[in-house]
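Copied over from TrEMBL:
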DOMAIN    82-143  domain 'Spo11/DNA topoisomerase VI subunit A N-terminal'
ACT_SITE  Tyr111  active site, O-(5'-phospho-DNA)-tyrosine intermediate
DOMAIN    194-365  domain 'Topoisomerase 6 subunit A/Spo11 TOPRIM'
Amino acid sequence: MAGRRSCMSAAMETQSQSRLLASVRGFVRSLVEDICNGRSPSVALDRYRTFCSDPFGNCACSFDTPFAKEFISIGRQPQAAHRLAVLLRVLSIIQLLLQQNKHASKRDIFYMDPALFVDQAVVDHIINDICVLLRCSRHHLNVVIFDSLSLLVMGWLRFKESDRTISCIKNPNTEHPIPVCLEDVEDMVSVAQYILVVEKETVFQRLANDKFCDRNRCIVITGRGYPDVPTRRFLRHLVEHLRLPVYGLVDSDPYGFDILTTYRFGSMQMAYDAKLMRVPEMRWLGVLPSDFEEFNLPDRCLLNLTPEDKRKAEAMLSRCYLIKDAPQWRTELEMMLHKGVKFEIEALSAISFAFLSEVYIPTKIERGKHI
Ligand SMILES: [Zn+2]
């Protein structure tokens, strides 16, 4: 059964690679035709966004439709020639990766022509453009992240990665790195009742030390701050395949809030791919600005919002998806800004060291105290 599925996924992969290689050839042919016919080469790119600042939320941001087109036109824009040169160079590298069925990181690609690319950000940006151009995700281009240390998981979960069985269930409080290539994951089995996503590794470790998963049938993951692509794809895969509720635990500050929105709504940088990575099911478990009074936390745990925190919070308040889809999240953010203070998850330790794992999380989940 597993063997047959592997064969099927290999066949689908080959099909997708052939389609992409044909698209690359078609794109280059159209540029050459432009030049042969005396026209300035021009490339049209769809532009996507995960949010805007429409105060009424009457927009199409969450419908995965492009909101505009951008044109790279030699002759009209001074930077266009360089941008097109970078686009073609990166495309030629990706073509080679697909033809040879090899994988490379964005950093590998940068070092294949640093004189042309100048900066890593240039390569990163062009790879996003290529995904839009070829209507695919980054992993379809065989561009991957090799640093699997970014994501940790523990809990009531077992799956196969290539031919290896990763059995978190054997010792649910032991952390495991997650495979970078989701396509290698299969036969996922779980007896968990929910998934808990924690912002910080320190909190993940505290839960491991407290043997949280012994008493709670759950899966805990951390993306260590802003989640990268493998983290978000893995979480999406878990939610889709296991059909479990998913809760977020972040600091009560503008960064924690932004991390939560990245999980739920996707990031602006990769808005073209948000539909494959966002987790609309994500509920905000804590720590909520309103928790401070609810749990009578001592004032010494509070920190004032910095001017940068305030600017970030104000900017986030105008995001259309909060108005449309998460008004309760917006109310909590408004409260944070109004009070002008923030606090970390660890502030709960002021009550007792075990409060987070023994009382706060289980009670909130049991009583449905999440938004
Ligand atoms: Zn919008």
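Numbers run from 1 along the shown chain.
Keep in mind that glycine also has a Cβ here, set from the backbone N, Cα and C atoms.
Automatic prediction, not curation, is the source of TrEMBL annotations.
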Other CB atoms, at most 10 A from the CB of Tyr111 (active site, O-(5'-phospho-DNA)-tyrosine intermediate): 12
Across the domain 'Topoisomerase 6 subunit A/Spo11 TOPRIM' (194-365), average pLDDT on the 0 to 100 scale: 93
DSSP-assigned states of the domain 'Spo11/DNA topoisomerase VI subunit A N-terminal' (82-143) in counts, ordered helix, strand, coil: 47 helix, 2 strand, 13 coil
